[in-house]
Amino acid sequence: MAKFQDIVRYYHRYWRISVFSIAMMSAFEVIDLFGPYAIGQILNVLSNQALDPPVQNLIAGVARATGQPQSQTLSLLVLLALIGIVSVGRAPIQPWLGSWFQWDTAFRARRDYAQKALEKVLTLPLEFYDENNPGRIAARVAKGLANHTWTYPEITGQLLPKFFRIVGIVTVIGLIDWRIAIVVLFSFIGILSFSLSGLTRLTQQETTLDRYTEDTESRNSEIITNIKTVKAFATEAQELTRQRQRFGREFKVLDYRIHKGYVMLGMYERTIVQSCVFLVLIFTLIAAARGEISLGHFVTILTVSSMAYAEVEPISQLAEVFARRYASMIRFHEFMQLPDGKDAGSLVRDKNAEPYQFTGKVEFSHLTFGYDPDRPVLKDINLLIEPYQTVALVGRSGSGKSTLVKLLFRYFEPNSGGILMDGLDVRRLDVTSYRKRLAIVHQEVDIFNGTLLDNLVYGNPSATIQQVHEACRIAQADDFIRSMPKGYATIVGERGVRLSGGQRQRIGIARALIMEPDVLIFDEATSSLDYESERSIQLAMRAILGTRTLIIIAHRLSTVREADKIVVLENGHIVEVGNHDELLNREGIYRRLHALQETGELLA
Ligand SMILES: Nc1ncnc2c1ncn2[C@@H]1O[C@H](COP(=O)(O)OP(=O)(O)OP(=O)(O)O)[C@@H](O)[C@H]1O
């Protein structure tokens with residue numbers, strides 16, 4: 001569970017510079033008080049009242065040093081010169097010692113955490129992405145980073161220095177009349193604790209709102225991503241109604257609870273502040289009328305105490321903004337604290353790591369696995385795949401074919417048993433180097449924004465252009481790539497040419513081949529392709545047969561015929577193993593599935 005401390009820790013790396021800039025900004029806030037004090041002293045000079053001893057000593061010192069008489073003019077000149085130094089002299093320094101560091105620190109921390117957040121995205125387990133949609137994750141990260149960045153300068157450059165200013169004001173008043181200082185001090189403690197308790201209550205509402213907003217935004221992004229389905233199923237009105245309910249729910253919390261809460265809080269604060277200002281005026285006037293304080297001190301106290309009370313509004317606004325952002329910052333830290341996946345690869349490229357080279361011999365040994373350990377999806381799987389063999393995994397939907405491959409990729413760990421690669425338990429191997437020896441062509445091939453070439457060499461950027469051409473030739477992709485406007489340099493993805501399903505598949509095959517993998521896994525998706533594309537992909541696969549270990553998750557049986565070994569899965573068990581002819585001669589599932597296929601049915 002993330003806490004307030006996590007927000008502080010966000011800037012921890014820069015604490016030295018942070019303390020320095022807060023001290024500087026606070027010093028400037030306190031120095032500001034010299035203006036009204038000096039004006040009070042000028043009034044005393046003009047009305048022939050006594051000056052405070054330190055000011056008297058200073059003027060006497062100047063008179064001695066310059067050989068001038070200690071006249072009214074000299075006193076006024078000295079006070080004026082001091083006001084000039086304090087107000088004009090510090091003007092060019094303040095932005096550098098204050099503002100520069102405030103934003104500089106915020107931006108540096110932003111850079112650090114943008115990187116950390118991406119590291120988190122890259123190391124979270126795959127199942128996290130099954131459960132959370134991309135819009136929700138991206139929004140949470142972006143909002144968290146932005147709010148941390150805005151909050152830092154406000155807190156360190158404004159809120160904290162303002163507190164010091166108030167402490168300075170109370171001290172100045174205390175030096176003149178301690179009783180009035182106590183009135184001011186207690187009124188502040190009262191106002192601030194009242195505001196704090198109000199804000200704490202409102203923060204809880206903000207957390208609720210944040211959760212609601214995340215739900216709404218997440219659905220919005222789903223609607224955008226799945227717009228084709230929404231339109232095809234004509235569910236626009238349904239989506240709108242559902243979202244309208246969510247907008248309404250958000251509005252109620254935002255307007256009736258949060259906004260109203262802030263207005264109420266502001267109302268109480270304002271009333272209390274004005275009462276305090278009035279009270280201080282009464283006390284000060286009484287003290288002045290009794291001759292306990294001079295006219296200059298009367299003016300100084302009234303001016304500085306008004307300055308103090310004038311800070312209540314900006315302080316509560318800053319606190320309010322902080323409270324509004326608090327929930328999203330905490331949610332960002334909750335995201336950052338999610339445990340990394342056990343399968344997380346190394347994020348640091350280890351140049352010295354010994355690259356593996358396997359023969360492609362894979363053995364599943366007594367492998368049992370369930371996403372929920374009590375409900376195994378794969379049960380006691382024993383399977384030996386020899387180097388360069390082609391093995392087809394067939395079976396009904398949900399029989400565990402993809403899960404077997406996920407385990408091979410080490411996205412999940414088996415509950416018992418294991419997977420051996422050339423006799424080595426894969427759990428013992430460095431996951432990054434190990435995965436580099438595998439390649440997979442998914443049913444849906446992901447295309448990144450960029451050129452076709454970028455997409456092809458995604459897994460192996462050091463591949464030569466000859467390697468790329470050769471792989472594309474085998475994958476039956478070379479011809480269509482060359483016919484594109486800019487050939488291999490054609491931009492694809494979001495901002496480029498759209499590729500058809502078959503073209504994406506062939507790019508996927510070529511991309512996998514460019515990895516030069518020891519084991520190539522093919523999640524066959526030919527069922528969604530037109531006849532010609534399917535034919536090209538079958539030709540591509542045929543060209544790969546026997547060049548490396550090939551595991552095919554077969555949805556159609558046409559490619560399976562040529563496999564050395566066909567493994568039939570049923571309810572997580574291997575029920576049949578053999579080649580096409582052997583299995584056809586048995587009265588088993590394969591024969592039944594094959595009969596269905598012959599009549600053109602899909603495997604399901
Ligand atoms: N991330 C997951 N969390 C929980 N259960 C899952 C997850 N992925 C798959 N399953 C379950 O595991 C079982 C096996 O699924 P798997 O995807 O391996 O089957 P499959 O044979 O590849 O199916 P298909 O041919 O439809 O792709 C199914 O019952 C499925 O519901």
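Backbone N, Cα and C atoms are what each Cβ position is placed from, and that goes for glycine too.
Annotated domain 'ABC transmembrane type-1' per TrEMBL: 19-324, in sequence order.
Annotation comment: TrEMBL describes 362-596 as domain 'ABC transporter'.
Annotation comment: TrEMBL describes 74-93 (among others) as transmembrane segment.
Taking Cβ pairs closer than 8 Å, the transmembrane segment (166-192) reaches residues 29-30, 33, 37, 269, 272-273, 276, 279-280, 283-284, 287, 292-293, 297, 300-301, 304-305, 307-308, 311-312, 315 in its own chain, all 6 or more past its ends. What TrEMBL records for 166-192 (among others) is transmembrane segment.
The annotation transmembrane segment is assigned in TrEMBL to 272-289 (among others).
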Stretch-averaged pLDDT - the domain 'ABC transporter' (362-596): 88
Beyond the flanks of the transmembrane segment (272-289) by 6 or more, those residues with Cβ under 8 Å of it: 177, 179-180, 183-184, 187, 190-191, 194, 295, 297-298, 301-302, 305-306, 309, 312-313
